[in-house]
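Colleague: So TrEMBL says this about it:
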- 351-365: compositional bias 'Polar residues' (COMPBIAS)
- 369-378: compositional bias 'Gly residues' (COMPBIAS)
- 77-121: domain 'Homeobox' (DOMAIN)
- 124-325: domain 'TLC' (DOMAIN)
- 29-49: transmembrane segment (TRANSMEM)
- 133-153: transmembrane segment (TRANSMEM)
- 173-192: transmembrane segment (TRANSMEM)
- 257-276: transmembrane segment (TRANSMEM)
- 296-317: transmembrane segment (TRANSMEM)
């Protein structure tokens, strides 16, 4: 908590303490602790929402609570699966084929079914996406409504005038802490939700986001922080809408939402973000307040997010290009359900649209928070 690290020159924590009884005049480090019980509350609300709102909606849309096809019981293969390997190589497959007098292809199919057995159902994925869609949409419109009357929304230099002595309003406080609590809930639930291949990159994304929200709050960079939050929320709900349409098998609607998501994502993350947000945090702030240690940390986290934006934008463009040029995606990269057989792979590969569905009806393309990243089949 060294003042020379966190605050500009000649500013102390005592200066930001505010007047006694003055309420939330300036941000305080202790305020971020309230995000943890709120995160637990958000997670509880999510469970209730998924059970009593999302699930009935899914059932009304004809989404069944049925999992992948289960393989026939076999003690030998089950022992290999649980104790040795879930994906046997060619040599082991030959040995099992001789031992069981089964065709190698039949054994491969058994292992595919067995791996899929532990995968979540389409209903589970629909409920998860509907919760995120509802939150992202709600918080985005709240942010737009709040920022519309904020002077720094129209002139980013207002983020730095008289910094750090910028009073904290109750609306700004609730907006910031709610976003922080939601990302903490995502961080925790990532270990219990559907496991995806981009787990590590999303873990880094959540860490960077939480770090940005926390650090910017502690040194009162909340004005520019609200711009970053609202900008990121602008595209996230569109991706969740595309996934919901995909689970409900409204393919054209799904494709339309995904294309719209891709356009909004690229415009906001590769256009507005670097030329509006990074411009003010790197150059306008340098001119008006000058750099100091936590300023470098804050901008380092913002640049880290921009690197992730470039990676995701490339993957979105690649996926969309395949859909436009070929009318299909040969393989949906972030699959969380494997095809049951090679024949089913061929069937799913011929499915048109940006999201394709395997023959067991489970989604094979499943984006996340800043999604659109699908990079190679398991």
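Here the Cβ of each residue, glycine as well, is placed from N, Cα and C on the backbone.
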Colleague: Taking DSSP states H, G and I as helix and E and B as strand, how many residues of the domain 'Homeobox' (77-121) are helix, strand and coil?
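Modeller: Taking each residue of the domain 'Homeobox' (77-121) in turn, the totals are 32 helix, 0 strand, 13 coil.
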Colleague: If you average pLDDT over the domain 'TLC' (124-325), what do you get?
Modeller: 90
